[in-house]
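J.: Okay, handing you the structure first.
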Amino acid sequence: MQRVQPSAARVKSQKKEKAPPDVPDVILDGERKTRYEKGKFLGKGGFAHCYELRNKSTGELFAGKVVPKALLIKQYQRDKMAQEVQIHRNLQHRNVVKLYHFFEDKSNVYITLELCPRRSLMELHKRRKAVTEPEARYFTYQIVEGVLYLHNLKIVHRDLKLGNLFLNDELQVKIGDFGLATTCDNDERKKTLCGTPNYIAPEVLNKIGHSFEVDLWAIGCILYILLFGHPPFESKSLEETYSRIKNNNYVIPTSASAAASQLIRVLLDPVPSRRPNARAVCRDHFFKSGFMPARLPVSCLTMVPHLNDDEYAEENVSPSGTIDQRGPHQAGRSGLSAIPAHLVSRNSERQQTHRMEAYRQPTDCYLSNLLAQVNDLLATPTADIDDAEAALDSYQSPEALPVFWISKWVDYSDKYGIGYQLCDNSVGVLFNDNSRIMLDTAGTQLTYIEKTEKEHYFDMESAIPSGLQKKMTLLKYFRSYMNDHLLQAGQQVTRKVGDDLARLPTLRVWFRTKSAIVLHLSNGTVQINFFNDHIKMVLCPLMQAVTFIDENKRMFTYKFSHLAENGCPEKFLHRIQYAKCMIQRLVEEHTKEETKHNAPAANAVRLPSTSSNVRLESAADIQPAYPSSSRR
């Protein structure tokens with residue numbers, strides 16, 4: 001295999017890369033006599049690297065922000081960090097990341113923070129682009145509540161953006177990173193030029209003085225990104241972006257509801273004094289104009305939620321019902337009356353159609369995108385340097401970890417299909433007739449997908465249609481088999497509010513070779529499990545990253561761009577080359593099916609295996625009968 005030496009520029013850039021801090025495996029907070037065990041790497045930004053920390057006495061988990069003292073040489077750097085801690089340490093709000101402690105040793109400064117395992121809205125944006133209006137209401141309302149709390153304490157955040165809005169396991173928004181935050185009196189105006197280009201307010205760029213209003217401008221940008229998938233003033237150059245901001249040059253897509261458009265316009269008003277304050281935004285009609293979930297399931301991080309027709313329709317017309325008295329951030333599906341179909345205008349129907357187009361995936365579920373990304377990586381001259389493997393830890397990208405992957409599978413395709421378990425313990429079956437069935441972790445929500453992609457949702461507490469009973473029996477058999485033979489016993493999971501919104505990724509296509517099993521999920525990820533050493537490889541076209549899971553369940557994630565720039569070690573390179581061949585095969589099969597049927601072919605199929613001559617029996621005689629309430 002031909003290997004190419006890195007260019008001088010690349011070697012230079014590698015040397016410039018900040019080395020990770022020297023962090024001991026056990027960290028001592030001497031003042032509190034507390035010991036923390038260093039866990040997995042969480043990410044980096046600025047001078048800091050973040051690790052999961054476990055209190056050795058209590059077992060509690062924290063996010064540990066570590067800054068080497070060697071990088072805090074100048075007084076202004078030390079002052080900036082002291083101010084960040086001083087502002088953040090006393091904040092107590094459900095929508096603000098909690099800062100617990102601040103301490104140091106001879107080498108590093110440590111800050112222990114509330115752990116947010118579901119990363120940030122930035123990762124959600126990369127996977128989903130535009131989200132539904134109910135989701136936008138859910139996230140934006142929490143952001144505004146957190147900002148209202150800060151403003152009541154005379155704190156201006158000044159760097160609100162997707163990457164600083166973190167998510168816990170319940171997908172609650174937590175405002176974090178107070179590195180640019182400042183305190184401000186009502187009539188005071190700050191002159192510092194600070195912020196992030198796509199979110200920065202015009203008064204900051206024009207240096208006329210700024211205050212609390214910059215946070216409301218940023219919320220307008222965030223709401224716009226959530227709804228339409230890109231920043232309102234984004235361009236190919238920083239100069240052009242700033243020009244658009246100064247001239248208030250942006251366009252609201254016609255798919256937006258009237259309430260969303262109006263809120264965006266007032267938040268992005270170029271005159272700061274005309275923007276509403278955070279309290280007024282909390283009362284805005286947008287949050288009452290349609291369905292707002294009380295809670296969102298984790299599947300929303302990667303899949304469009306399951307919303308019924310009424311909930312989509314509510315986005316576009318004034319609701320005939322009202323938010324219940326629990327407050328808009330707590331209102332569930334029962335909080336709004338259904339809108340009669342005859343009240344939805346033709347224009348609303350067009351808006352709904354346009355918006356649904358924005359959520360629709362390509363028919364190949366991103367296979368062609370992934371193939372292009374892998375081709376680009378393999379076409380890049382690979383750095384053949386002695387320390388390429390040693391340097392891997394410094395450019396891991398844990399923020400790009402997959403949300404879902406297949407943890408277990410069992411092949412009964414000679415008669416029925418393939419059963420599998422996702423990493424959240426939900427269980428599914430891809431039948432030989434290309435239909436799919438999925439049962440969530442709690443065992444309460446059932447999804448059935450016809451080979452035509454029509455979806456049906458059922459509550460397990462209600463009657464399942466008689467036509468589905470045979471497939472339900474098979475699902476239970478697969479689930480029982482995996483529980484008895486493959487899975488470790490997990491804790492009992494109870495049903496939660498919002499579980500009915502979940503749309504879990506399902507297995508679309510799979511095949512086996514002599515070396516591996518190849519699995520393609522409906523959220524775009526391709527997973528390859530190697531038989532000889534039990535390594536799993538998960539490639540994600542949306543995060544443009546690859547994750548390796550070893551036999552000890554340790555996960556290592558790298559962005560394709562980082563592997564291209566810093567060098568791809570031999571142990572990864574040959575697997576990625578193998579993945580390219582497998583993805584190429586998936587793409588070719590999709591193209592063949594699409595041509596054959598002369599229509600979008602997102603149907604789930606098993607490709608012929610290269611390692612066996614298993615006969616695939618048809619299950620076409622299983623034709624379920626659906627109740628009239630079945631939903632797409």
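Numbering starts at 1 and runs along the chain as it is shown here.
Using the three backbone atoms N, Cα and C, a Cβ is placed for every residue, glycine included.
Note that this is a predicted model, so its numbers are computed, not measured.
Taken from Swiss-Prot, the feature active site, proton acceptor covers Asp159. Feature annotation from Swiss-Prot assigns ATP binding site to Leu42, Gly43, Lys44, Gly45, Gly46, Phe47, Ala48, His49, Cys50, Lys65; the stated evidence is sequence analysis. Swiss-Prot lists 36-287 with the feature domain 'Protein kinase'. The domain 'POLO box 1' annotation in Swiss-Prot covers 405-484. Residues annotated as domain 'POLO box 2' in Swiss-Prot, with sequence analysis given as evidence: 506-588. What Swiss-Prot records for 1-26, 313-334 is region 'Disordered'.
Show me how these features fit into the structure around them.
T.: Counting every protein chain shown, 22 other Cβ atoms lie within 10 Å of the Cβ of Asp159 (active site, proton acceptor). For the recorded site, Asp159 (active site, proton acceptor), the DSSP three-state label reads coil.
Counting every protein chain shown, the Cβ of Gly46 (ATP binding site) has 11 other Cβ atoms within 10 Å.
Across the domain 'POLO box 1' (405-484), DSSP helix (H, G, I), strand (E, B) and coil residues number 19 helix, 32 strand, 29 coil.
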J.: Across the whole of the domain 'POLO box 2' (506-588), what does the mean pLDDT come to? Round it, please.
T.: 94
J.: What is the number of residues in the domain 'POLO box 2' (506-588) that are helix, strand and coil, as DSSP sees it?
T.: 26 helix, 32 strand, 25 coil
J.: For Ala48 (ATP binding site), what is the tally of other C-beta atoms lying within 10 angstroms of its C-beta?
T.: 20
J.: In whole Å, note down how far the CA of Asp159 (active site, proton acceptor) lies from the CA of Ala48 (ATP binding site).
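T.: Cα-Cα, rounded: 17 Å.
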J.: Other residues near the ATP site, CB within 8 A of the CB centroid of Leu42, Gly43, Lys44, Gly45, Gly46, Phe47, Ala48, His49, Cys50, Lys65?
T.: Val66, Val67
J.: Using C-alpha atoms, which one of the binding-site residues Leu42, Lys44, Gly46, Cys50 comes nearest to Asp159 (active site, proton acceptor)?
T.: Gly46
